[in-house]
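Below: one structure, written as structure tokens.
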Amino acid sequence: MVHERWKTVGSASQLEDRPRDKPQRASCSYVLCTVLLSLAVLLAVAVTGVVLFLNHTHTPGTAPPPIVSTGTAGANSALVTVERADSSHLSLLIDPRCPDLTDSFARLEGIQASILRALSEHQAQPRLDGAPELLDALADQLPRLLTRASELQAECAGLRKGHSLLGQGLSTLQSEQGRLIQLLSESQGHMAHLVNSVSDVLEALQRERGLGRPRVKADLQRAPSRGARPRGCANGSRPRDCLDVLLSGQQDDGVYSIFPTHYPAGFQVYCDMRTDGGGWTVFQRREDGSVNFFRGWEAYREGFGKLTGEHWLGLKRIHALTTQAAYELHVDLEDFDNGTAYAHYGSFGVGLFSVDPEEDGYPLTVADYSGTAGDSLLKHSGMRFTTKDRDSDHSENNCAAFYRGAWWYRNCHTSNLNGQYLRGAHASYADGVEWSSWTGWQYSLKFSEMKIRPVREDR
């Protein structure tokens, strides 16, 4: 219909313009064609916009998009044709008498190709039927995402701070490591110096030991009541020690009553009648750990335990025995592999020169070592007896409390026969039944027995 109207208008214009001159008609035709071409371009752009708008709306995806095409430059052909979804066509025509607009058509075809390409790319993208709901969900998620982003930023700042602190800590540790290495180096030097000093002290002690034996013997001989005794009991049925019991005819080991010179009330003791000729008065025994030896001063002064088993005779009684004559000491030892050793001391006494032996702490006098166990007692000679509640040693600490025993500690010990019964090798240091010269400071012996006997005239 548009085409027919265009023809009618064209015919009328030809009839009316016949009297006019040709230049005027050509000018009008040129203007009219230009206007129509502009309208066609605007219409094509408008149609393209409508198509894009329709593609963005939530319409069912089954209807095909409109098809836009252009015609050729021949007569009676449409400039632009739009085929709608309902198969109807919209055509824009142009008068064939218009000037040659081949370049314009080429530009329009380029525009058409761009529009079609844009439509094709747009249609290739998936349609978002739930776009509003998605936008609402995104709007709901956005605050949480922002909050989480803030939290992550804070965590990142914390991690940076922690990294900085770790760096500072590593620097500090490196400094401490250097300082410790320096201290260890200095300690090694001090240790070497200490070892040399200890070696010098040991050599001096050995020299003093060699020089001190005659002096100790002289002191023991000067003790008024410690002369050599004749055989047999001084007053018939009252033996002063186990040697008197042996000389009275008793040959069996066991418990007997004795009556020392300075202890007329008497007390019972266990007598060893077999070792080295017999006649030994036992004052200490460890054999099974059944008796607690970690006790105080009063218990060690009075004695405790069972005479036929583990026991300590008592400092008061040992003093009474060793002040009535010159005594020798024999120490029997056994480990948990049934190995045995002994230590013998030719001179032994407790509180020999004390007016008040308890006040003086029952000091030890011992000399003249021989045997197979090695000497671990001479270092303690001259020391007072120390218990956990009465400290008489030369250490800053209480050796009895520290090494869980009671002994004539110096600083602190080379033997600890009244220590804990730890049954062989142990991780702790020097707190077992120890005789260091034989088994070291980390082995607790299975058996120990300390016994005394008067020095006989025939020796």
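Backbone N, Cα and C define each Cβ position, glycine as well.
These come from Swiss-Prot:
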TOPO_DOM  1-33  topological domain 'Cytoplasmic'
REGION    1-22  region 'Disordered'
TRANSMEM  34-54  transmembrane segment
TOPO_DOM  55-459  topological domain 'Extracellular'
DOMAIN    233-456  domain 'Fibrinogen C-terminal'
CARBOHYD  N338  N-linked glycosylation site
SITE      Y403  site 'Implicated in ligand binding'
SITE      H413  site 'Implicated in ligand binding'
SITE      Y429  site 'Implicated in ligand binding'
SITE      A430  site 'Implicated in ligand binding'
- Note on the structure: On the topological domain 'Extracellular' (55-459), the mean of the pLDDT values is 82
- Item | Those recorded positions of N338, Y403, H413 having Cα within 10 angstroms of A430 (site 'Implicated in ligand binding') | Y403, H413
- Item | the residue listed as 'N-linked glycosylation site' versus H413 (site 'Implicated in ligand binding') - Cα distance in angstrom | 25
- Query: Could you give the Cα-Cα distance between Y429 (site 'Implicated in ligand binding') and Y403 (site 'Implicated in ligand binding'), in whole Å?
  - Reply: 8
- Note on the structure: Quick note, N338 (N-linked glycosylation site) and Y403 (site 'Implicated in ligand binding'): C-alpha atoms separated, nearest Å, by 25
- Of Y403, Y429, the recorded sites given in the record, which has the fewest other CB atoms within 10 A of its CB? Y429
- Which has the fewest other Cβ atoms within 10 Å: N338, H413, A430, the recorded positions listed? N338
